[in-house]
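Participant: The following block contains the structure, expressed as structure tokens.
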Amino acid sequence: MYLISVELGIKPYLCGLISLFYVINPFSIHFLSSLNQWNVFSLALIPILFWIVLRYYHDNLKLFLYFGSFSALFSFAYTNHPLNATINISTIFAVYIASYYRKKSFFFSEIVKKYLLVFSAFLLFNCWWLLNMFKGVHTALSVYKSDLATDWLFSTISTVGNPLAKSLSLTHIAGPEGESFLGDYFNTPFAFFAGLIPISLVVFGIFFSRKESLNKLLIHIAILMLLAIFLLKGSAPPFGSIYLFLFKNVPFFNIFKTPVEKFGLLYTFLLSILLIFTLLAVKDPAHSRIGVIAFTGYLLFCMGPLLMGEMIPEISFGNAGTLSRKYKEKPSYTSFRRHINNERLEYKILSLPGMGNYQILFDTSQGKKYSGIDPLLHNTNKGILTPHFDSEIKAFYDYMHNKTTHNLFGSFNIGKLVINGDLQPWYGRVGTSNARELRSQYKNLPSKNFGNISAHTLSKNFVPVVHTAQNIILCK
């Protein structure tokens with residue numbers, strides 16, 4: 001966001017304020033506090049791609065090369081499919097805004113040509129992972145049920161409450177009051193009214209704009225921002241039936257089952273861009289000074305969680321305990337990881353029992369539960385298999401009691417079955433077996449216990465990984 005501001009000729013201290021706003025507003029703080037890498041990458045990539053389009057708009061070769069290169073460099077941002085779609089939508093908006101700014105008017109054919117250029121760069125530089133994604137679409141659709149997506153959508157919207165009103169203060173994913181520090185901090189009346197400062201500044205900026213060439217552009221960006229607000233509210237009123245119609249009838253649109261988050265990212269980006277162009281358009285020193293002072297005060301308020309060390313808040317579930325992203329390792333976990341890492345044989349680990357989501361849950365300390373990526377198996381030097389890889393692996397969990405299925409384990413280079421009795425199925429369990437039943441079933445396999453974790457070794461029909469040289473020379 002700083003590079004965009006510099007490119008447009010904004011004063012350095014204002015560039016810093018806009019950049020700070022983009023990363024510490026209530027939405028971004030909560031969005032980043034989940035510690036998902038694709039959230040971090042996507043938040044960074046969207047303004048970078050906009051800057052590339054703006055900076056090299058008149059140089060097609062550099063635009064093609066830089067856009068393709070940076071999209072490939074940040075390819076991890078696309079691993080979450082809804083965020084993948086959000087980033088590509090933001091690219092359309094980026095081309096639209098940059099074209100209008102550079103050409104001083106709306107030229108449809110020009111916008112189409114530029115977008116096809118950057119989209120072809122994206123396809124070419126990212127074909128190495130796009131081909132695999134397209135290959136897995138059929139499998140993903142067989143697992144991703146529309147009923148599940150619809151239920152998830154309704155659950156998300158009901159949890160937020162009133163996403164349309166909260167979006168005006170960027171608190172639509174901050175969580176309810178009493179759930180976490182961020183929920184308590186950003187759900188006060190003061191926070192709501194303070195949160196209206198950014199949207200108020202752009203509204204006043206549009207009315208007090210003194211540059212005729214930018215007036216229409218401000219209105220165009222504002223319309224795009226209103227569209228993002230309409231989409232982020234999902235099925236909530238008003239006109240929630242329109243989103244439901246799109247959700248049920250437009251192919252692949254049902255990936256946006258958490259619209260407050262995915263379209264919220266798009267809305268935050270457009271609001272930041274609108275703030276930048278508002279600074280360009282408003283030349284009245286008195287109005288600019290008042291706006292900058294109010295905006296600076298707002299940013300100081302948003303920095304509260306950072307200054308108080310609450311950027312990664314714990315979530316309270318009342319008597320059920322507290323959910324935390326902070327992981328406190330048990331001695332038994334350390335021993336297990338050392339045991340696995342010291343084994344020279346290359347094999348894969350089948351994680352058991354099968355959990356219904358890639359984010360696992362288990363007790364980490366007194367009254368606290370850890371939620372997130374499995375910190376145990378992902379920190380070993382062995383490959384792991386979970387139900388979320390593909391339908392073939394998921395079949396192992398569905399037919400775990402079938403002894404014929406066990407004969408296939410070795411063919412998939414599975415050398416160990418790791419049964420973690422600490423895992424709690426908060427998203428449901430894949431397969432019917434719990435840890436106790438699984439241990440009873442595999443009691444005849446060689447095993448070693450590490451607290452509530454047992455590692456069962458497979459040797460029957462095991463196919464090892466064999467590394468060979470690319471060229472083999474036979475000498476007699």
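Placed from the backbone N, Cα and C atoms, the Cβ positions cover glycine too.
Straight out of TrEMBL:
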- 12-32: transmembrane segment (TRANSMEM)
- 38-56: transmembrane segment (TRANSMEM)
- 63-79: transmembrane segment (TRANSMEM)
- 85-102: transmembrane segment (TRANSMEM)
- 114-131: transmembrane segment (TRANSMEM)
- 190-209: transmembrane segment (TRANSMEM)
- 221-245: transmembrane segment (TRANSMEM)
- 265-282: transmembrane segment (TRANSMEM)
- 289-308: transmembrane segment (TRANSMEM)
Participant: Is it true that the transmembrane segment (114-131) and the transmembrane segment (190-209) have 3 or more Cβ pairs under 8 Å, skipping pairs fewer than 6 apart in sequence?
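Facilitator: Counting Cβ pairs under 8 Å (6 or more apart in sequence), the transmembrane segment (114-131) does not reach the transmembrane segment (190-209), since there are fewer than 3.
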Participant: For the transmembrane segment (265-282), which recorded stretch in the set 12-32, 63-79, 190-209, 221-245, 289-308 gives the largest number of Cβ pairs separated by under 8 Å?
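Facilitator: Highest pair count goes to 190-209.
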Participant: Taking contact to mean three or more C-beta pairs under 8 angstroms, with sequence separation of 6 or more, is the transmembrane segment (85-102) in contact with the transmembrane segment (12-32)?
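Facilitator: In this chain the transmembrane segment (85-102) does not contact the transmembrane segment (12-32) - fewer than 3 Cβ pairs sit under 8 Å.
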Participant: Can you find at least 3 Cβ pairs under 8 Å between the transmembrane segment (190-209) and the transmembrane segment (289-308), where each pair is 6 or more residues apart in sequence?
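Facilitator: They are in contact.
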Participant: Apart from its near flanks, which chain residues at least 6 from the ends of the transmembrane segment (38-56) lie with a Cβ under 8 angstroms of it?
Facilitator: 1, 3-4, 7-8, 22-23, 28, 31-32, 62-63, 66-67, 70-71, 74, 76-80, 83, 86-87, 90-91, 94-95, 97-98, 101-102, 114, 118, 265, 269, 272-273
Participant: Sort out the residues at least 6 away from either end of the transmembrane segment (63-79), same chain, that have Cβ-Cβ distances under 8 Å to it, and list them.
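Facilitator: Same-chain contacts beyond the ends: 37-38, 41-42, 44-45, 48-49, 52-53, 56-57, 87, 114, 117-118, 120-122, 124-126, 129.
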